[in-house]
Structures are given as C-alpha cells and as structure tokens.
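Structure first, commentary second.
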C-alpha cells in the first residue's frame, strides 16, 4: 500500500493575505491559522532572505504573529508542532528586524518587541487599532510576485486522493506528535464550538506552559537574549544615559535638568524615551535572560541604570516645569499637551522602577548570581534615586533664580525681577515638586534603604569587631562589600539624614495643603504656616538664667520612684503593617496617550496626579519617620547611631518643630482622624529621640526654643501646651532630673514655675479680653504640679510665696470688675492646691500624669470623672453641670465680652468635686 504523500505546492501569498484581512473583523480559527503557518514555513527562505518589498514581509510577519498568539488554544497535538516550527521562522525574522531597525517602515522597535513577546507567551500585546492599521497598509502594499510553476498542477481528484492515504496520516502522527499527555488535545475542537472537547481549563493551562517553554527554547537557540541586549544598548536616547551613568560612577555630578530650557529640551523627546524604556521593560518581562553570566549581568545593570536615570531626569524636568509655569486653562491646547507630557513622564518613571525591580528579582532568584550582587543592585538603586532626589527637591529656589535670569521669561514684566527666598526646610520650597512622581521614587528608595540597613544590623550583631571605615570610592556590582561599606558609600554620596527630613516635612505639608483643598478651603497655605514664620524670624538665640545654689532640705526627695525610671526608658516599636504594594502591571502597546493601557492609563495616571490623595503623601511622611526612628534613632548598631547624631542640625529640628505645632493645632479638629497614624509615629520618634541620648544637648535646647517651651529663656510661659509639644517638654525635664540625681533640684523647673505664675498674674491684670482665650489646659497643669513636688522644700516655699505675691498684685490692680476672671481663676486654683497638698503629692496626680502624658492617647481631650475608667478616657476632675450651664449661655457671654471662650471646668483635687462646688 502506497504511503508516500504527494508534495503539496507552495501556498500563495494571496490566500494567507485574505485570511489576515478577515482577522480584523472576526477571530481566525484553527484551520485558517494552520493555513497561515504553512505559508510561513513554505516561504521561510523567501522571508528571511528578502531584499525588496520589506514593508509587505514585515507587516505579514507581525500580523501573523499576532493572530497566532491570539489562537494558541486552536491547535491540537497534530498541528501544534508545525505551528511551533512557524514560530521559529517568525522569531528569526523579528530578531533580524530588531537588530537593523528602519525608521521608514510602519512598525517601530517597541511594536516589534510587543509582537515578539506576545508570540512567545501566547498573550496578544497589540491594540486592535494597530492591527486594523497594519492590515490596511498590507492591503495597499504590493504582493511579491509568485514563482512560475514548472509543471501542471495536480488535478483536484489527485489532490483529494493523496490527502486520504491512511498510512501517510499514521506516519505523520507517529513522527510529528511529541506533546506531553496533559497537553494533547484534538485538532478542530474549537472550530466546532466544542469548548469542552479541548480538555477543560487545566489542559489549556498546560498547553500554554508547553507553548512558552518551546518558544523559549527556540529563542535560546537563536541567541535572542544577546541580540535583544545588543539592540537595547544601541537605542540612541538610552545610550546617552548609559554614558551619563558611567560618568556619575567616576565621580562627576549628576546631570539633571535644573533650568527651564533644559527641561523643555528633555520634554521634547518624551515620546522617544517612553518607547525606548518600553522596549527594555518588555525585554525584562521575557524569561530568556538566564544564564546570568558576568558579562550579561553587567550589560543588564548598565541598561537598568540608564532607564532609572531617564526616570529621574524626566521627574526633574517635570518639577522644573511645574515650578516655573502657571497652570494652563482646562480644555486649552496647552492643557492637553501638558496632560500628554504628564502621562509620558509617569509611564517612564513607573517602567524605570519596574525594570530595576525585575533585575533585582532576577538576581535574587538566579542560581548563578549571589546575595552580594542583589545587595549591590539595591545599593546602586538607592544611590541613584536618593542622589537625584537631593537635587530635585531643591529645584524650586533654583527655578526662581533661573526665571530672574531668563530674558524670555522676563519680557512679560517691565519691573525688576523679584527673587523669593524660602526658609530652609519650611516646605514651601518643595511643595510644588512633591508630587506623585517624587512620592514613588522616594518610596522606592526608602524600601532599598530598609534592605541595606537590615543587612547591616544582621552583620553587626554577628560580628565581634567594630566595622571599619570603607576604602571604596565607587559603587561596583561585582565588588564584595560589607554591609557597613555599602551604607558608607551611600552616605558619602548624599546627606541621608538631611534628605530624609526634607522628604518628611515636604510630604507632610503638601498633604495638609491637599487636605485643605479637598475640604474646600480657599487658602493654599500649609496648616500652621503662621507659626512657622516665627521660627525663621528669630535668631534662635537662647539665654540661660543662672540659678542660685540652694541648700538641700531634709525632706527633699524624688517622689516618682520606680515609675520615673519606667517612664523615661525607651519604648518598643509597635508592630507595623507590612507594605503590601504590588508591582503594577505593564503597559501594553505603544505608550501614547490614546493607547495607554495597564500602568500607563491607570497606575501611572494615579502616580502622577496626587491632587485628591493627601493620604499617599502622609503615608510617605509616616514611613520616613518610622525608618528614621527604627534604623537610626533606636538602632542597636552604634555606628548608625553615631552617624545620625553627628548629622543632626538645628535646621532639621526647626522643621520638626513646625510639624509638631501644626499637628497640635490639627488634633483639635474633629476631622483630624487622617493624621492619627503620623501623630502616633511622631510621638514615638520624639520619645526615642530624647530618651536614647541621640540628640545633642545644644540641638535639644534649640528644639525646645523652636517650640516656645525652652526652660532657660526669659519672658512669659505659654499656658496652652498641646500633646506633642507637652510630650517633648515632659521627657526633657524628666531626663534632666534623672541626670541630676534624686538629691538635686532642677533649676529649669523653678524657672518654669516663676514664669508660669508671672504669666497668670500679667494676664489677670490685663485689659485685653483676647488674652483670656489662651486657657491653661489640664494636662499642662498636671505636669507642672508633678514637677512642683520634685522640688526641695525650700524651693516649694519660694513657689508658694511667689504665687501669693501674684495674687496680692492682682488684688491691688483695681480692675477686677472689668477684667476677665479666667486666668485669675487658674491662679487661685493653683494656690488652693498648694495650700492643701504642699508637702505630700496626692496619689491620683501620679496616675493622672501617667495616663494623660504617657499612655499614647494624644487625640482630643476625653473627659472622665472616675479613676477606674482608665481604659476609655483621660483622667481629670471635671464639672459637667457647670459646663452644661455655660454652653447654654455661651452666646450671651460672647456678645458681652467680644471674644469667643471655650474654658474647661476642672479642679486639681477631688474634694470640691465630691462636695459639688466647683472652684471656677
């Protein structure tokens, strides 16, 4: 029986072209796809050796690849091997086209990479409008001339006879079919609409895995990895940034656009940069990069660093543009152009970060790489990002100078250029640039910092010798650094502590601005900006008042005992929620605005537009403060603590003081729930900063001065001290007392009491009704009374006499009938407490201070009249009936006095509460 099949003629181009044209309107089914693959295999030599009609062959290859990737489930155990053979031809053609790009052809390099990735993975990557456009172009192109047949074609009867030879079918099935059993499905099942006949979803999944495995093997045989890496190194824009990275590693400055001209020039090439970064992104998504030889790792590192520098450069250009230009009118041409630039910039930043993440994951999972390379890659990423952020976040002042120098920008104004200087670390100079792009970069750099410091802590605890100074001056991925040497390389390149405080304060202030805008406020000034002004108008000078030495009395002793030591001991960090950020999906298709998919249309847009998301900025500020506290302030590694202590400055503490006072003001707002996380983190940071002795004494004194509670200064003492400010003062005084010892008096406490009594006296005799709005809060008074009992008996007598003298002075003032009684009532309240509790501290006072100042509940004041209700509220003695009556008549009081009062009705002891007679 004959078993030889007659050789079939070469399929014509026209037949395959008709199938591709029909694919624009309906999916191409199994038998039709097989006809296309047979044409590819039959025309292999013609496609790979063509010299003319490049457009037709290129469009045919990309369209055929796309439709094959759309229909991998159409192939069964007989047809799949033939299709994989056609894939090899297409891979070879695509790689050849990528290595020698032609800008005159209708398919770009990015689109070729998309087609290659889709064919390899079996997941189509092209948008439908691209397929339609290319189909129209291939219809308009000229079809290659068919070769003239040498003999008459076989008749239809002979063809049908040859097709039904049983022995030929059996031989083909035995020799061609090589699929695993779990991947074997029957041909034609999908053509008949029998989805169940294909072997269920499990078989389809196994088929997709086999498809990718076979294609990866084909690409490896063709040397696709080296070809694609070589193609990436030849990308013109990316090559410039590779050279820039080499120069940066050699010690030159980071070249970022810092002027309007530089930014405008870079923004002209955003489209090209997006395409080139997209090429690298899709390459990193292909599982063909193994084996990771040293040369291949070096090439991948250079490409990834170049992509990262592109993202940093476009972020700097975006910051300069936003700082220098006004917002265009919505709906105008400039507005649409700015939106396009924003989409391109966001896509570049997100893809550049993803490229580096892919490289880090690749090294971490590779059996040929080692952990040293992974940590060096993280060092390199943090080194690049933080170094760029240090430049970018200071661009606002540079832009102001550039606008004054630029004659083009100055044509609109005939007057002299007005140069605006910003106070250091006040946040105003950085709020324009603190957008979603910088948030993404800062978060990424912070995550790499955490990994580096975790490695250092592990290494420090395991070694017996102290870490030595680093001898390296250059970051190299192949060098075997110690963990401390990596951190030293980073801190030598960028002032890490200063940058972290920059990010913290700028993110917080921008979040406050956005929250105010969300609530409909017309003001764009940060919360508490009026208080911020005073910190920079003063000369930060503090005067120390010398106190006379007093003889110790026999009954002078430290009354706080064991609780005092527990209070000032460092607290442990609460369990924090782990970061659950998942890398965003990849952009599909050419990242033009109308084609943006995945990150380009969703995540990248959200990344770049933070106007309605202050929580993201506040989360960054919280993360930065948590990092500072965990890895620097509260670190168990002595070198890290020493570096942090040596890097602290008065300027940074002034910025922290601004945030403290702003948060204290916000805590009184009922809608300040969104600040609770940052508030708790800030209190934890302040506690650790003071009790671990990391903060140098002069800087600590300046911090108290910026907060307005420096014990060594002269003048009035503030009556209203909010939780965060009060927490700093409390810990400073208690630590000072511990250092002095139990037998010594703290002269600062005595000075505070004298200034406090004088302030109450002066406000009591003042005719200014607005002065009474600054009421004495109960937590503040409880702290002062506790400190009073820590004084010696001699100094307590001085305070008592000083209080009595103040009352006499108020009584002799002669204006008691016209002045407001609020501050006078507080003065009488203090004097009454001294009379009844001069020698012995009441037990409830210590409980109240512990509860109100050290329990961590620093939100709004919650009142309770029961000492056993400690789990729900703060502890102080209030008169609810008096407050209710006052609220009923508050409008009448305001109309008579011309001021708005909101006093609290409280006492320092229980006896008046038990009797039902308030002192106020």
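Cβ from N, Cα, C; glycine included.
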Suppose you had to name the range TrEMBL annotates as region 'Disordered'; which of 569-595, 596-622, 623-649, 650-676 would you pick?
569-595
For the region 'Disordered' entry in TrEMBL, name the matching range from 406-425, 426-445, 446-465.
406-425
From 50-74, 75-99, 100-124, 175-199, the residue range that TrEMBL assigns the feature region 'Disordered':
175-199
Mean pLDDT over the domain 'E3 ubiquitin-protein ligase UBR4 N-terminal' (54-907): what is the value?
75
